[in-house]
Amino acid sequence: MEPRNQSSTSEFILLGLSENPEQETLLFALFLCMYVVMAMGNLSIILAISSDSHLHTPMYFFLANLSLVDFGLATNTVPQMLVNIQTKSKSISYPCCLTQMYFFHFFGIVDSVLIAVMAYDRFVAICHPLHYTTIMSPRLCGLLAGGPWVFSYFISLTHILLMVRLVFCGNNKIPHYFCDLTPLLRLSCTDTSVNKIFVLIVAGMVIATPFICILASYVRIIVAIMKVPSAGGRKKAFSTCSSHLSVVALLYGTTIGVYLCPSSVRTAVKEKASAVMYTAVTPMLNPFIYSLRNRDLKGALRKLVSKKIISSS
């Protein structure tokens, strides 16, 4: 009997976003620019928050974690695609494919849970402002930030352990620009029912549950804000949540479309479009969403840029 942890396919072919050479040149330039902007934006936020003592608060601590996750999520997928376009080679080895899949799920799960943690932080800040510093203690913040990383490690590892059970034979072409779970399961010539059940369980834990928690937090937030007597106070309270709500819409709009929609309405084109939003567009936009409407963060970024200019002159 052939060992179940062996795969007859030693490599896969990533078909990418387009097989048209002219379009690939345009995609290379576009995604290179997006990646550079994403890296500069997220790393700048991390440096600004770490260097400014005024931003050493729970909200900015979680934001720095989110920026780190967004950087990791985009770095796991976009550079590989750029290399494949530049070298005209679309092959990826089986171990590298599993590694890329692992880190995609690892950063994706942390991202989803962190967004829910940030919603809880806003809930405490608005609904219990007098007890905010007591509730959001350094110990709790450490647990809320570190917990998703530990949780994601075990969930992502389980995905990979279930994947190595499968045998791949025949078609080895993945209609995607990175090794994602769903397209890869379609190529297996063995039973994938256990994998699919686990995908649904994980989707419930890391997509549906955080989304419900976010909705519950914002229902309480809206109720609390509507009780504020002054229009200016209500506007200020809403402004502290607007950036987070924009990120929630971007994140869950794409992930729900990929993982919770029925397979009958999903196509390879839709999956790739959603993945682009999730792995490239959202990580690039998040720094702008959080910095444009935040005076403290904009001030810290200006100080960071001024220091760089002074040190280089």
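Cβ coordinates come from backbone N, Cα and C, glycine included.
Not measured: the values here are computed from a predicted model.
Sequence-distant neighbours of the transmembrane segment (26-49) (same chain, 6+ residues past either end, Cβ-Cβ under 8 Å): 16-18, 55-56, 60-61, 63-64, 67-68, 70-71, 74-75, 78-79, 81-82, 85-86, 280-281, 283-284, 286-288, 290-291, 297, 300-301, 303-304. Residues annotated as transmembrane segment in TrEMBL: 26-49 (among others).
Residues or ranges marked as domain 'G-protein coupled receptors family 1 profile' in TrEMBL: 41-290.
Per TrEMBL, transmembrane segment is recorded for 61-82 (among others).
With a cut-off of 8 Å between Cβ atoms, the residues of this chain six or more beyond the transmembrane segment (102-120) that come close are 59, 62-63, 65-66, 69-70, 72-73, 76-77, 144-145, 147-149, 151-153, 155-157, 159-160, 178-181, 202, 206-207, 209-211, 213-214, 217-218, 244, 247-248, 251-252, 255, 278-279. Here TrEMBL flags 102-120 (among others) as transmembrane segment.
Per TrEMBL, the feature transmembrane segment maps to 140-168 (among others).
Per TrEMBL, the feature transmembrane segment maps to 197-225 (among others). Through the fold, the transmembrane segment (197-225) approaches residues 108-109, 112-113, 115-116, 119-120, 122-123, 126-127, 152, 155, 158-159, 162, 181-182, 234, 237-238, 241, 245, 248, 252, 255-256, 259-260 of its own chain, all at least 6 residues removed from its boundaries and within a Cβ separation under 8 Å.
Here TrEMBL flags 237-260 (among others) as transmembrane segment.
The feature transmembrane segment is assigned by TrEMBL to 275-292 (among others).
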Is the transmembrane segment (61-82) in contact with the transmembrane segment (140-168), using three or more Cβ pairs under 8 angstroms as the rule and ignoring pairs under 6 apart in sequence?
yes
